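First comes the structure, then the notes that go with it.
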Amino acid sequence: MREVISIHIGQAGIQVGNACWELYCLEHGIQPDGQMPSDKTIGGGDDAFNTFFSETGAGKHVPRCIFLDLEPTVVDEVRTGTYRQLFHPEQLISGKEDAANNFARGHYTIGKEIVDLALDRIRKLADNCTGLQGFLVFNAVGGGTGSGLGSLLLERLSVDYGKKSKLGFTVYPSPQVSTAVVEPYNSVLSTHSLLEHTDVAVMLDNEAIYDICRRSLDIERPTYTNLNRLIAQVISSLTASLRFDGALNVDVTEFQTNLVPYPRIHFMLSSYAPIISAEKAYHEQLSVAEITNAAFEPASMMVKCDPRHGKYMACCLMYRGDVVPKDVNAAVATIKTKRTIQFVDWCPTGFKCGINYQPPTVVPGGDLAKVQRAVCMISNSTAIGEIFSRLDHKFDLMYAKRAFVHWYVGEGMEEGEFSEAREDLAALEKDFEEVGAESAEGAGEGEGEEY
């Protein structure tokens, strides 16, 4: 069995996690109390969904995940929510005081008290697996817990489970909308360890997803629930091939192999199509070609980043529902002829496709229409460099004046860590430039040696 353990850290991680598990349960027909009427074999069957759920002797399905936060309010919502009976109480870990938007509190002072407990619970989950495949880590890097405790946990996971792949779903600060003044500090410090300790990081940001909700779903004032349900659809499409059977299944480690040309360049754009409200869906065809084109639209990217400003290095398309390989090949061929979608010259083919026959499920009373087929795209583009340049610029403006730095130093950090993280990101920006620029013949004598 190829199990996957999900780790939800901090408020963003937990709320996205809630939306994900709600959707998984609907997809598999698992009730909020963990019972699954359709599953006849009691005990750990060999069903595909057992990658995400473990089964007890009483026939209850328990998610393989932990929820981790430094303060109790958000975890308490899970403890009292609709799915409270789904989770084992030990899977919900909360501390007493929060990280106060401070990376150093999450990483050093308060985080380190709780991290051993979390690793202990993860160890229990891992012991329950026959062939653990890897971890999905959900966090945001703007706050204190997601960034600080998230980095700490990833570092410790690298030590304990060195060879297992780690996929991150990371909410980055948006260009215009901000929830904390010190976001640039937290995200730069956190990205410094994401670079080292995740194999693939899928970037998300709230502003981009707000815009998608407003534009495509006609929601005037989107809430976090709207955003999270959209993110859950993306994550569900990514993991569908682990949880269901299909024609071209895609494994967690396969993402890495196909999307990461150089170890450091592993930050991905994601998009999903069709994002459409029920009123509109009734009048549209939404063929494979249409949804494939929609997935490449700059406006459907889940992070504020225009892929037309860079080149694609690799691209993964996961289709689900009523899709046959012939349609996919035709759609991809059309995409390749478009001049707007450019690939780097050293990666001519660049497409990995997966098909899953399970049609997309929607949350009843949610915003998305029930459709016959959908596609989720994860792509590695040099345009992602923009996001880091944007962050670094904001970081520099504050750090030049050493604004707010004393809060971090007071929690036991050293100023050197700021400059070290910032230099690491400067190197990353440079990596993106080189990868976009280096052509097949120039790679020999250029900066190609450092990889």
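Keep in mind that glycine also has a Cβ here, set from the backbone N, Cα and C atoms.
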Given Swiss-Prot lists Gln11, Glu71, Gly144, Thr145, Thr179, Asn228 for GTP, the same-site residue among Asn50, Asn128, Asn206: Asn206
Thr145 (GTP binding site) in three-state DSSP notation: helix
Glu254 (active site) to Gln11 (GTP binding site) - Cα separation in whole Å: 29
Span of Gln11, Glu71, Gly144, Thr145, Thr179, Asn206, Asn228 around GTP - largest C-alpha separation, Å: 22
Neighbour-count leader, CB within 10 A, binding-site residues: Thr145, Thr179, Asn206, Asn228: Thr145
Other C-beta atoms that fall within 10 angstroms of the C-beta of Gln11 (GTP binding site): 23
Fewest other Cβ within 10 angstroms of its own Cβ, chosen from the recorded positions Glu71, Glu254: Glu254
